[in-house]
Amino acid sequence: MTFRNCVAVDLGASSGRVMLARYERECRSLTLREIHRFKNGLHSQNGYVTWNVDSLESAIRLGLNKVCEEGIRIDSIGIDTWGVDFVLLDQQGQRVGLPVAYRDSRSNGLMAQAQQQLGKRDIYQRSGIQFLPFNTLYQLRALTEQQPELIPHIAHALLMPDYFSYRLTGKMNWEYTNATTTQLVNINSDDWDESLLAWSGANKAWFGRPTHPGNVIGHWICPQGNEIPVVAVASHDTASAVIASPLNGSRAAYLSSGTWSLMGFESQTPFTNDTALAANITNEGGAEGRYRVLKNIMGLWLLQRVLQERQINDLPALIAATQALPACRFIINPNDDRFINPEAMCSEIQAACRETAQPIPESDAELARCIFDSLALLYADVLHELAQLRGEDFSQLHIVGGGCQNTLLNQLCADACGIRVIAGPVEASTLGNIGIQLMTLDELNNVDDFRQVVSTTANLTTFTPNPDSEIAHYVAQIHSTRQTKELCA
């Protein structure tokens, strides 16, 4: 038997994990084992919302050392994280300024300023990326405007996964899939756009040319002295999750469900027409030159904040209580900017319902019901937008990531979208990370080959839409009202 041992470091906004994958070549089987799981979260530091990158690095090294202490020979390591955030370094590789998080308010108002000065259409034609107020483009503008004293000290700007790879190897890399989330990469050249960089105030010399997934960045020397290659995987966690989505045919859509919900489809070409711009669709980079045509949805961040504020520890019990409540009594727009990082999420949700003359969700279950119903309805709207954009309906939706364990939300999604939902794998980002490593090690041919492995080894659950459910009737009523308004217009 020939085995490969690959380690995936998967960092999310609320937690991180070091996972060991064992791949058996002869039977093409892949097993995962969690080595170390640790918390991540936002911190307040000197008036900014930041990440504790030192703590994250320590946790990564602890997890890697645990694998080595077991006497396991690691064949490769890969790191994926969330997008848009970065770390600045000086000529000696020391940090400059703070690792500010995208939920900080420093970039407020700058997106509108960019659209006015550069033109919304021009920015979109250059980058193909959706407009979000915390994109790196606006974060860099905030930094260079508000902290100009830092600029003379900056030599390099590394996105989060590239920073941690640098800390392990001493080598710098700018991985393509994550670089595209910045809204600074030109969609035609796959290189940094000089006009957008100039507006941001950043120096192009801070960045190296983006590289597509699959190259070896450098080597980490383990405590035993072995040199272990660190691979540039699809380092944006959603890009990795999509790689591990067992998409079957061109009519399959995906939903990467976690702190954020990312809904989209794969395409060989980007969509940057007026319809895509109006719908704020993004064309993020994927593996093998594919595009992840998708839309960001605020996701389970709202629930995470409610759980924290209400000190709820028993999520299954909450979901059971939520399921017993009637649907669609409290509806909000999860993508409203007011929910990016409010002081109190529960109060913000209640205020949104109050302002629209709805009943007010008071109990834990009512707040959860509001979030789940609102997300499912938004999923249905976005799926419809995506189908219109490409001119073809979808036949199935693959929900991957930690959020796919929420069976109530999966069923609500199936009912609201009127589409078959396949849930799993849960550890999609980790698996996609491993997939690129195995391709780099010449164990697998390509993404489609890897998806066959995932399909046969992952635990997948199918949810069939129920046209008689409350939320399905609610969606039908909305569509009927819209059609009536269009006829009367």
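Every residue, even glycine, has its Cβ placed from backbone N, Cα and C.
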**Item:** Swiss-Prot substrate site partner of His236, Asp237, Thr238, Asn296, selected from Gly71, Gly78, Gly83
**Value:** Gly83
**Asked** Out of Gln304, Gln308, Gln452, which is the one Swiss-Prot records at the ATP site of Ala13, Ser14, Ser15, Gly16, Arg17, Thr259, Gly402?
**Response** Gln304
**From Cys68, Cys370, Cys404, partner that Swiss-Prot gives for the disulfide involving Cys222** = Cys68
**Item:** For Cys417 (disulfide bond), nearby residues of its own chain (Cβ under 8 Å, 6 or more apart in sequence)
**Value:** Ala376, Tyr379, Ala380, Leu383, Leu397, Pro465
**Request:** Report the same-chain neighbours of Cys353 (disulfide bond): residues 6+ apart in sequence with Cβ closer than 8 Å to its Cβ, ordered by sequence.
**Result:** Phe330, Ile331, Ile332, Pro359, Ile360, Pro361, Cys370
**Request:** Work through the binding-site residues one by one (Gly16, Gly83, Gly402) and point out the residue whose CB has the fewest other CB atoms within 10 angstroms.
**Result:** Gly402
**Shortest C-alpha distance to Arg17 (ATP binding site) - which of the recorded positions Gly83, Cys222, Asp237** = Asp237
**Asked** Other than its own, how many Cβ atoms are within 10 Å of the Cβ belonging to Cys68 (disulfide bond)?
**Response** 16
**Asked** In Å, how large is the greatest distance between any two Cα atoms among Gly83, His236, Asp237, Thr238, Asn296, the listed binders of substrate?
**Response** 14
